[in-house]
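Per Swiss-Prot, [4Fe-4S] cluster binding site is recorded for C5, C8, C17, C23, and the stated evidence type is sequence analysis. What Swiss-Prot records for H131, E155, C199, C286, C314, C339, E373, K375 is hybrid [4Fe-2O-2S] cluster binding site, and it gives sequence analysis as the kind of evidence. Residues or ranges marked as cysteine persulfide by Swiss-Prot on the basis of sequence analysis: C286.
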Amino acid sequence: MQMFCYQCSQAANGTGCTEYGVCGKSPTVARLQDNLVFAIKGISAYYYHARELGYDDPEIAGFLDEALYSTLTNVNFDAQSFVEYALEAGRMNLRAMQLLKKAHIETYGEPTPVEVETGTKKGKGIIVTGHNLKALEELLKQVEGTNVYVYTHSEMLPAHGYPGLRKYKNLVGNLGKAWYDQRKLFTEYPVAILGTSNCVLIPSESYRDRMFTTSIARLPGVKHIDGYDYTEVIEKAKSLPDLEEKPGSYKLRTGFSTSVVVSLADKIKELVEAGKIKHFLVVGGCDVPFKRNEYYREFVQKLPKETVVITLACGKFRINDLDLGDIEGIPRLIDVGQCNDTIVAIEIAQALAKVFGVEVTDLPLTLVLTWMEQKAVAILWTLLALGLKNIYVGPVLPAWVNEDILKVLTAEFGLKTISEPEKDIKEILKV
């Protein structure tokens, strides 16, 4: 099947065009339109969360209108223009991430490094999953002074880095890892669960009656909370058995904001010039429950000790329990936050380039990314729009990429797919 399009009444056989569009749309144009729609979805997620906090950008809204309109039937048949739209989507996603970062910092303060407990505290519990810091804050306000303790899950882990959230004493730790462990995790712990955004799964019957959604998230058979009154969530938590006091087997470090890392720039420069840091790698992204994604942990474990790894998004959970140590006080594993905090990794790279007096593309920097869904598509186009090279992606290429699109991505943008950890390390470090 070369393409699939069934958005108009002319769809072949009444089911969909699979070889060529009845309208004249080529398979490559159809796939590039799909790519653009996916990127728009990713931008919309970040833009939505920024607007929840009262931050807006009409330029982003204008782009979303135009770009989505361009995919309507009989509007645009030009493949090159859709490549340009994709790059513009990358630039707009950059604006959206900048806007959301601004919203988060002005609302909750700039993150600072913190160690997060992975065990449980004696008392009642609520697990918060998703990405929505506003929902978490409102819940924390409402459980103050009670024995109902709040635990983050997956992409909510970076919340602990924000001073304005960390100040709440009922925010006590993080349970679980990436989004796909939730059915097992939520069954294991007798707690109330609040799903705040994407990355929620249809629940099993073992916990459906103690799960709630809020904001954009909704699940069949699960009570949805409109607004931010979480009384029902808290009462459900109170009705459940206490969690026992149980220390975690390790702690997780997060909260490395742009300012924190940039404050170390002179020391980093000194270590690079002394040959004690030889390469920086961004290893992270959206994780998936594939055996293939064991690659990322093995990759980091096999890196030489003269490397520094920046991680982000739920892909961090493949590696963030590893003790990589430090290089004269510079941590070898730096967690900069959620997937939208790709902007932090970008700003760090730009700051280091300025310190060394070079372009970002001249830094000893490689990106090794895992992708899962549409937000990752938007982020990839952001990186490509910035002209970044040395990007490895896995576990698989997006299904919308055909040979023509792959040629553009590899020839013009230098995109590569992951192979085997040792092979890729040798290629990256040229050893």
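Using the three backbone atoms N, Cα and C, a Cβ is placed for every residue, glycine included.
Positions of the features from Swiss-Prot, shown on the structure.
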| residue | record | Cβ contacts under 8 Å, 6 or more apart |
| --- | --- | --- |
| C8 | [4Fe-4S] cluster binding site | V22, C23, T73 |
| C17 | [4Fe-4S] cluster binding site | M3, F4, C5, Y6, A11, K25, A30 |
| H131 | hybrid [4Fe-2O-2S] cluster binding site | A45, H49, E155, M156, T196, S197, N198, C199, Q338, C339, N340 |
| C286 | hybrid [4Fe-2O-2S] cluster binding site | A313, C314, G315, C339, T370, W371, M372, E373, K375, A376 |
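Other than H131, E155, C199, C286, C314, C339, E373, K375, the residues of this chain whose Cβ falls within 8 Å of the Cβ centroid of the hybrid [4Fe-2O-2S] cluster site are, in sequence order, S154, W179, N198, A313, Q338, M372, A376. Cβ neighbours within 10 Å of C5 ([4Fe-4S] cluster binding site), excluding its own Cβ and spanning all shown chains: 23.
The residues near the [4Fe-4S] cluster site, meaning same-chain residues not in C5, C8, C17, C23 whose C-beta sits within 8 angstroms of the mean position of the site's C-beta atoms, are Y6, Q7, Q10, A11, A12, G16, G21, V22, K25, A30, T73, in sequence order. Cβ packing within 10 Å was compared across the binding-site residues E155, E373, and the lowest neighbour count falls to E373. Cβ-based neighbour count (10 Å, all protein chains) for C339 (hybrid [4Fe-2O-2S] cluster binding site) stands at 27.
Under the three-state DSSP scheme, H131 (hybrid [4Fe-2O-2S] cluster binding site) falls in the coil class. Taking each Cβ in turn and tallying the other Cβ atoms within 10 Å, the top scorer among the binding-site residues C23, C314 is C314.
There are 28 other Cβ atoms within 10 Å of the Cβ belonging to K375 (hybrid [4Fe-2O-2S] cluster binding site).
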